[in-house]
Amino acid sequence: MSSILHITGRSSVGNSALHQCQSPKRYIRRQRRRHSPVLQVGCNAIIGDQNESIATQFEEICKEVPKKLGAFYRFCRPHTIFGTIIGITSVSLLPMRSLDDFTTKVLWGFLEALSSALFMNVYVVSLNQLYDIRIDKVNKPSLPLASGEFSVATGAVLVLTSLIMSFIIGIRSRSAPLICALLISFFLGSAYSVDVPLLRWKRNAFLAASCILFVRAVLVQLAFFAHMQQHVLKRPLAPTKSVVFATLFMCCFSAVIALFKDIPDIDGDRHFGVESLSVRLGPQRHMGLASWQEHHLRNYFK
């Protein structure tokens, strides 16, 4: 009897093992049913954490992008950008004789001049910030490099990118007046800011004012007028009364800019040895001289 039970037990165990081997799919399905609630909860928890992490990263990006764009806007010194746009646009209109001159080719030539000038403008002002970080921490602490919003490496990349883009557009235009204007602006803008022997002209009040006056008053008026008249419109280069008047007016206006621009920066300039006109004359005398010049200019052009 015991042998019979023993044999029966062995056969039942064998049958169960054989049953598991013969139906692995059914066995796996049964195990999944047993553990599926636990697995489902775990998977849901992992997916929820991932979704929260992605949402948090997206919110951070949405907050960071406007900050970086605002910093880049301040880095470009928008008042100089607006001045460049107005100056290039106005002088580009001087060679126009009639509405027939406003063609697609003329528009393209104007955009080449404007875009290359804007990139060069960004190069000049950003290079100045790159070399004036310590001064700007006193005079203009809200600028991106002075405040730490941009690193020095980021500033250097933006400086080089602006310079390269300016020259690429100028060279592709094949306009001799435009390329000359960019080369002279590059040299004077670098000489104004770069701190190497014989340069860093902003330390000298006369050289600093001369750079601003020559670029804004003479170079912009004559070079971009020549670009539009000679290269774009294919007409003989001949100065007109309008461009002569514009050049004289901008000489006076740029002189006022050169006088006024250093008045707010007197503390940092004096501390770091920049001999600007404000430092030499003092803020009150300098302000009086600039106001006197502005008053006479207003009366003259009334």
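Cβ from N, Cα, C; glycine included.
Automated prediction, rather than curation, is the source of TrEMBL annotations.
The transmembrane segment annotation in TrEMBL covers 75-94 (among others).
The transmembrane segment annotation in TrEMBL covers 106-127 (among others). Among residues of the same chain six or more beyond the transmembrane segment (106-127), those with a C-beta under 8 A of the stretch's C-beta atoms are 75-77, 80-81, 84-85, 88-89, 92, 155, 158-159, 162-163, 165-167, 169-170, 172-173, 175, 178, 181-182, 185-186, 189-190, 192-194, 220, 224, 227-228, 231-233.
Look at TrEMBL and you will find 148-169 (among others) tagged as transmembrane segment.
What TrEMBL records for 175-194 (among others) is transmembrane segment.
Residues or ranges marked as transmembrane segment by TrEMBL: 206-228 (among others). Beyond the transmembrane segment (206-228), the same-chain residues lying 6 or more positions past its ends with a Cβ under 8 Å from any Cβ of the stretch are 83, 87-88, 91-92, 94-95, 106, 109-110, 113, 117, 175, 177-178, 180-181, 184-185, 188-189, 191-192, 237, 239, 243, 246-247, 250-251, 253-255, 257-259, 261-262, 276-277.
The annotation transmembrane segment is assigned in TrEMBL to 240-260 (among others).
Counting only same-chain residues 6+ beyond the ends of the transmembrane segment (175-194), those with a CB under 8 A from a CB of the stretch are 109, 112-113, 116-117, 120, 123-124, 127-128, 130-132, 163, 166-167, 200-202, 208, 211, 214-215, 219-220, 223-224, 226-227, 230-232.
Only residues 6 or more beyond the boundaries of the transmembrane segment (75-94), in the same chain, are considered here, and those with a CB under 8 A from a CB of the stretch are 110, 113-114, 117-118, 121-122, 125-126, 129, 143-145, 150, 155, 158, 216, 220-221, 224-225, 227-228, 240, 242-243, 246, 250.
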